[in-house]
Structures are given as C-alpha cells and as structure tokens.
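Database features (TrEMBL):
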{"type": "DOMAIN", "residues": "219-373", "note": "domain 'DUF418'"}
{"type": "TRANSMEM", "residues": "20-40", "note": "transmembrane segment"}
{"type": "TRANSMEM", "residues": "61-81", "note": "transmembrane segment"}
{"type": "TRANSMEM", "residues": "101-131", "note": "transmembrane segment"}
{"type": "TRANSMEM", "residues": "138-157", "note": "transmembrane segment"}
{"type": "TRANSMEM", "residues": "205-223", "note": "transmembrane segment"}
{"type": "TRANSMEM", "residues": "235-254", "note": "transmembrane segment"}
{"type": "TRANSMEM", "residues": "270-291", "note": "transmembrane segment"}
{"type": "TRANSMEM", "residues": "334-355", "note": "transmembrane segment"}
Amino acid sequence: MQTRPTEAKDRIPFLDALRGFALLGVLVANMYSHGGYFFYTPLSTIPKVPFDQPLEWCLHFLVDGKFYSLFSLLFGIGFALQLERKGQDISSFFLKRLSILFLFGILHALFLFVGDILMVYAFTGVFLLFFKKDHLKWAIFFLAFPVVEYAIFNFTLELPPPPPKELIQNVIETQRYGSLHQLILDHWAGLTEDRIPHLLFTGRFFKVLAMFLMGVYVAQKGLFKPGNREVLKRLFRICLPLGLLLNFGMAMLMETEYYYSLHPLGILESILYVIGVPVLSLAYASGFYLLHPSPLTKVFIPVGRMALTNYLTQSLICKIIFTQTHSWAGVPLTYLVILGLLIFLVQILWSHLWFKYFKYGPMEWLWRRLTYGRSFA
C-alpha cells in the first residue's frame, strides 16, 4: 500500500473549490454560536436590527444544515479517493488520520468553539470502514434513521427544561470576561451537557454518516469528473426545486413553537430536514459543478485546499473578537453575518497569498506530519 500524501498535482480543483464554498456556508451558519446568538441566550436579550428576523428565516431556509452536509459529502468523496489511490486496505492509515482529527476537534472544542464538527467527522468516519458496497442504499437508510429516533423519543422522553436565567448569565459573563481556565471549564460543560446531547437527540451522527456514504457513491461513480455535465444538470434540475420546497416548509416550522419539540409538527420538521437538507446540498454541489471552472468558483480553490486551517482560524478570529470586545451574546444577527462574510474575504486573500509560498496549509501540513511521521516540503 502506498503511504505518501496527496501531492498538489494530484488534487482535483473542483473538489477544492467546492470545499471552499462549503466553508463559507459553514462560517455563516456558525456565526449564530460564535457570537452567542443562538445556543445560550434568549433572543429577547440581544439587540435587534430590522433585518434580523427575515435574515434568520433565510438562514434556516438556505443555509442551516446544508453546508455541513456538503462537507460530509466531500469527506466521503475524499475517503473513496484515498481508497482508490492507496489500495484496498487503508484501515490503519485511515484510523490514524481520524484519531489525529479527533484530537484537533477536542482541542478546538475546549479552547475555541463548543460547536466543533471535527470530532463528529472523526468518530463517524470510523464506520465508513464497515461498508464495502451498496453505499447509496445505506445512505438512504441512515437518513431515515433520525426520523425513527425522533419518533421514539416522542413516546419515551421529555425535553429538558430550558436553563435558568442565572446559568445563562453566568455563561455570558464567562465568555465575555472569563480567564482561559474558566473558558475551558465552560466549554467542557457546554460540550458534555449541551452539544453532545443535542447531537444525539437530533441524530446528527446518522445524518453525517449518510452523507459520507453518499460521497463514497458519488466518487465511485465518478460523477464529479469531466464528462458528466448532463447527468449533473439533470440532478440539479430535480434537486433544486425539490430542495427549496422542502426547506421552505422546514423553515416555516422552525419559526413556530414546535421547533425542536416532541410535538408531531416537530417530527414533521425533522422529516423535512432529513430529506430536504441533503437534497438541497446536492443541488448546491451540482450547481457549483455546472458553474466550474469560472472566475467565481476558482476564487474558492485556495480556501478549500487549506479547509482545516481556515475552519479552525474562523473560530480563533471570532473568539478573539468577542472576548476582547466583551460583546459575546450582544451582537445582532445581521452584524454577525456581515462579520462572517468579512472574515471569509480575509481568508480568501490570505489563502491565495499562502499558496504563493507553501504547498500545504499549516494545519494540513501538521496533519500530514503526524500521520506519516516525516516532514514534507
């Protein structure tokens, strides 16, 4: 089995561009929690601007869930490409890479961002090794599983009450003024008492695994390679209207009191999510393929080549901004999204500059170094 890393000449520009585009959506979606707008704070305590409410609805409609799903699809494609390049038995190599990714995720969650996705990818990625065929059928099965899980919860569990105002205020004070030690303790509590239960309750691991398997299927069929334009055009024409319709219904339900509840309408919202989000993600991916190569899509290539670095630096930049300005849980959503777009613009510029001098992003280089045990130019 070959154990060399993927060289720059072996990379597929379209996948890097799509990865960069997905990173933009992930940042916009994460600005809710980077700025303390969503997870811990009642919305009534945050200053509002007139565009906040329609913007929040648009994010539910077009952004929420779609871009981590797109990243999950790309993760599955990457796994299949590694399988193709390195031979059939990549278990030890892949597990080592996932272990390192999990370590990055823990550090990221404790020091910067409780909403880390790297640990989810690393844990769920292990299960890819157990699926040798019928990836699309298994993907559909795992997409349906969260709905079943949600229905079971409806008859067996009750949602916990919202946290008391005193606890919410303590979290806000810690995020604004706390020491590093206090922040780490707060992040650990957020991870164990909120983030992980939320991931389990919403079936996130099954959703991610489903998109991983769908990515493997896409790679094995070579759908992202040249010559499949007509196939992807048909996919886009089907997925875009269907995805928009389903996500419109989901966004409407998210505006009601039944969102994130065990009410039947909450289950309906879950059904619309697990079907509509992957469908719209596929529409985004196929639409991006139809646009590529173009000046618009090529802008994203360097960002996607160092996606791990850029994902982590997004959290670092936001943590510095909101702790140094003591503004966590005090910024309107509109301003958070504008800030996210400005951060991404900076990342575009610095990614283009970085690759004028280096072959790998800094965290990508470290990941390779820890995986292969040797340095690379």
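Using the three backbone atoms N, Cα and C, a Cβ is placed for every residue, glycine included.
Curation does not apply to TrEMBL; its annotations are automatic.
Quick caveat, the model's predicted, so the values are computed rather than measured.
Across 61-81, 205-223, 334-355, stretch 61-81 shows the highest tally of CB pairs under 8 A with the transmembrane segment (270-291). Fewer than three CB pairs closer than 8 A are found between the transmembrane segment (205-223) and the transmembrane segment (334-355), and contact between the two stretches is not assigned (pairs 6 or more residues apart).
The stretch with the most CB contacts under 8 Å to the transmembrane segment (334-355), chosen from 20-40, 61-81, 101-131, 235-254, is 20-40.
Within the chain, the transmembrane segment (235-254) has long-range Cβ neighbours (under 8 A, six or more residues past its boundaries) at 57, 60-62, 66, 265-266, 268-269, 272-273, 275-277, 279-283, 286-287, 290.
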